[in-house]
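A.B. asks: Okay, these came from Swiss-Prot:
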type     : residues : note
TRANSMEM : 27-47    : transmembrane segment
TRANSMEM : 71-91    : transmembrane segment
TRANSMEM : 93-113   : transmembrane segment
TRANSMEM : 134-154  : transmembrane segment
TRANSMEM : 168-188  : transmembrane segment
TRANSMEM : 199-219  : transmembrane segment
TRANSMEM : 239-259  : transmembrane segment
TRANSMEM : 262-282  : transmembrane segment
TRANSMEM : 288-308  : transmembrane segment
TRANSMEM : 337-357  : transmembrane segment
Amino acid sequence: MLYLLTAFSDGGDIFNLFRYLTFRAGAAFFTALIFGFLFGRPLIDFLRRKQGKGQPIRDDGPTTHFAKAGTPTMGGLLILSALVVSTLLWARLDNPYVWIVLLVTVAFGLIGFADDYAKVKKQNTKGVPGRVRFLIGLLIAALAAIAAAWSHPPDLTLQLAMPFFKDALINLGWFFVPFAMVVIVGAANAVNLTDGLDGLAIMPVMIAGTTLGVIAYVVGNFNLTDYLGVHFVPGTGELLIFSSALVGGGLGFLWYNAPPAAVFMGDTGSLALSGALGAIAVCTKHEIVLAIVGGLFVTEALSVIIQVLYFKRTGRRVFLMAPIHHHFEKKGWAEPQIVIRFWIISLILALIGLSTLKLR
């Protein structure tokens, strides 16, 4: 929105700064961060008053989790609000990719909010039926995939870009739409499964968001894409604003979510942020790279799938408990140990994902 002030610039005043993407990205980061610091405590106090007993704790979970009873959930509202406000302030609102990612984020956030609300109201761990959440998520993802395909340049429409290969594209035809739907919905559910320990999900989300923001900036810059041999998607550089706001809002939330957490992000946050990551990957044509950068989320999701399928087939379990972070808890790892080690893994995977820009 503030980009419109460049119309009043004579080229030598402060309004001219708004032309620069990097300046607006930095401003978006600090806007979201300050928003989180300012409104975090009032929101937590409000949620605690309204929710009473807070987020229900699984009876079959690690016994250490019972100490977290009474902690309010829906803290994702803080991240989501900071992200939306900051993006609307600093991004160019005539950019279709900004709106695609922003609307996907808000839509998945609303699904998560409904789920969190149902859990708190019923005081059990079952909120909105999984099938309902899944079908609504598919509808949102389908609309986003079609909008992204419509916005992409003609030579990239319905194409799948392959990392590590220069200018390698696979024409998926209209199969691109269901593929993109799987990317967005899959990302949403994978991050949701990861959000089981204090600070576990938010830092990997911020790391992935930073990585995808850099990729969006590169992919949207003709000179950089020409140098690196990466496909050029005009306009995606503006998603750096969104990614910067995501990281700023995430840090503001982590201030209150650091162990022992004063608030949980809940599905409100995990579904919103993960939907955003999937949407950015689809817009920038880096869907496969998302699987690398978000490898931790993929591992968490696979651990659940393997556990369920193996148990149905044999009546036995592969892991002591799924998702896999609970397996390590059952083995006696301390919660901070699991969280920090998973953060390190996320950082390594992010660096591998970034390397795909050059290794071609």
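Cβ coordinates are placed from backbone N, Cα and C, and glycine is handled just like the others.
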A.B. asks: Counting Cβ pairs under 8 Å that are 6 or more apart in sequence, does the total for the transmembrane segment (262-282) and the transmembrane segment (27-47) reach three or more?
C.D. replies: yes
A.B. asks: Which one of these stretches, 71-91, 134-154, 239-259, 288-308, 337-357, has the most C-beta pairs shorter than 8 Å to the transmembrane segment (168-188)?
C.D. replies: 134-154
A.B. asks: How about the transmembrane segment (239-259) and the transmembrane segment (288-308): do they have 3 or more C-beta pairs under 8 A, pairs 6 or more apart in sequence?
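C.D. replies: Contact absent: fewer than 3 Cβ pairs fall under 8 Å.
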A.B. asks: Do any residues of this chain, six or more beyond the ends of the transmembrane segment (71-91), have a C-beta under 8 angstroms from a C-beta of it, and if so which?
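C.D. replies: For the transmembrane segment (71-91), the far contacts come to 1-3, 24-25, 27-29, 31-33, 35-36, 39-40, 43-44, 47-48, 51, 54-55, 98, 102, 105-106, 109, 112-113, 116-117, 119-120, 202, 238, 241-242, 244-246, 248-250, 252-253, 256-257, 261-273, 276.
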A.B. asks: Where among 134-154, 199-219, 337-357 do we find the most Cβ pairs under 8 Å to the transmembrane segment (288-308)?
C.D. replies: 337-357
